[in-house]
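Colleague: Positions annotated as active site, proton acceptor by TrEMBL: ASP76. Sequence annotations record features per position, and here TrEMBL assigns substrate binding site to THR15, HIS16, ASN17, LYS18, GLY19, LYS20, SER77, PHE159, GLY160, TYR161, ASP162, LYS182, HIS187, ARG188. Marked as Mg(2+) binding site by TrEMBL: GLU47, ASP76.
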Amino acid sequence: MTHRTLSPGRLIAATHNKGKVRELKDLFEPLGLEVVSAIDLDLPEPEETESSFAGNALLKARAAAEKTGAPALSDDSGLSVTLLNGAPGIYSARWAGDPRDFGVAMARVEQELQAAGNSDRSAKFVCALAMVWPDGHEEVFEGEVHGELVWPPRGDRGFGYDPIFVADGETITFGEMDPDRKHAMSHRADAFRKLKAALLP
Ligand code: IMP
């Protein structure tokens with residue numbers, strides 16, 4: 001596939017998640033891009049109807065590029081547990097219920113691991129970053145970080161499932177880790193490195 005160079009200018013962060021907007025601004029603004037979020041523009045939040053991280057990321061970026069006429073970037077991510085055949089996967093946010101409670105979501109992961117025999121506690125975080133231009137050109141980059149799940153949860157830094165995830169080669173959870181250190185090894189960092197190598201030569 002021929003990659004397209006991302007030129008300086010406006011980039012829509014196609015997400016309503018403030019944490020993701022912050023991270024995308026930190027990553028893209030030093031590269032000369034003006035990051036404007038779906039929150040700033042009051043864009044509608046499309047329903048995530050696809051069955052993969054990449055599919056859902058593309059759906060969100062397409063909707064934002066069509067509405068604004070500017071290139072749009074979105075992130076879809078989650079936790080994939082080996083023994084649970086990849087669950088919660090694209091349902092990672094939904095397992096936390098409404099309003100979101102990741103204590104509930106983490107307890108469900110542990111409960112389902114025990115019910116499945118607890119013979120394998122490996123898991124990975126996955127991130128798909130989708131970039132869509134208003135003329136329909138689109139590219140997706142996927143990143144992963146592999147690790148093991150621990151119980152009980154440890155640490156109050158980070159978010160989501162961070163307190164039960166220990167990356168391979170580490171002894172502390174993402175919830176206990178200095179955020180800069182997590183951001184250097186995370187699934188999002190991995191996807192971003194691939195995006196940068198392809199689109200910002
Ligand atoms: P999305 O907004 O549909 O992409 O949902 C992503 C969900 O996956 C989040 O709400 C978190 O539960 C989980 N998730 C994604 N990335 C991370 C991470 O870095 N740490 C912990 N949980 C994460």
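Heads up, the Cβ atoms here are built off N, Cα and C, so glycines get one too.
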Colleague: Ligand 1: which of the binding-site residues THR15, GLY19, GLU47, SER77 have a Cβ closer than 6 angstroms to it?
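Modeller: Among the binding-site residues listed, those whose Cβ sits under 6 Å from ligand 1 are SER77.
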Colleague: Spatial neighbours of the residue listed as 'active site, proton acceptor' among the binding-site residues THR15, ASN17, GLU47, GLY160, HIS187, defined as Cα within 10 A: which are they?
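Modeller: So far as Cα distances go, the binding-site residues lying within 10 Å of the residue listed as 'active site, proton acceptor' are THR15.
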Colleague: Cα distance, GLU47 (Mg(2+) binding site) to SER77 (substrate binding site), nearest Å?
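Modeller: Between the alpha carbons of SER77 (substrate binding site) and GLU47 (Mg(2+) binding site) there are 15 Å.
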Colleague: Compute all pairwise C-alpha distances among THR15, HIS16, ASN17, LYS18, GLY19, LYS20, SER77, PHE159, GLY160, TYR161, ASP162, LYS182, HIS187, ARG188, the residues listed as binding substrate, and give the largest one in whole angstrom.
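Modeller: Roughly 22 Å, rounded to the nearest whole number.
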Colleague: Select one residue from GLU47, ASP76, ASP162: among these recorded positions, choose the one with the most other Cβ atoms within 10 Å of its Cβ.
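Modeller: Per the Cβ count, the most surrounded site is ASP76.
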Colleague: What is the number of other Cβ atoms found within 10 Å of the Cβ of THR15 (substrate binding site)?
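Modeller: THR15 (substrate binding site): 25 neighbouring Cβ atoms within 10 Å.
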Colleague: By a simple count, how many Cβ atoms lie within 10 Å of the Cβ of GLY160 (substrate binding site), its own Cβ left out?
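Modeller: GLY160 (substrate binding site): 22 neighbouring Cβ atoms within 10 Å.
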Colleague: Highest CB neighbour count within 10 A among the binding-site residues ASN17, SER77?
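Modeller: Sorting the candidates by Cβ neighbours within 10 Å, the top entry is SER77.
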Colleague: Relative to the Cα of GLU47 (Mg(2+) binding site), which of the binding-site residues THR15, GLY19, GLY160, ASP162 has the closest Cα?
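Modeller: Looking at Cα distances from GLU47 (Mg(2+) binding site), the smallest one goes to THR15.
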Colleague: Which has the fewest other CB atoms in a 10 Å radius around its CB: GLY19, HIS187, the listed binding-site residues?
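Modeller: Least crowded of the binding-site residues GLY19, HIS187, by Cβ count within 10 Å, is GLY19.
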Colleague: Three states by DSSP: which one describes GLY19 (substrate binding site)?
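Modeller: It is helical.
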Colleague: When DSSP states are folded down to helix, strand and coil, where does SER77 (substrate binding site) land?
Modeller: strand
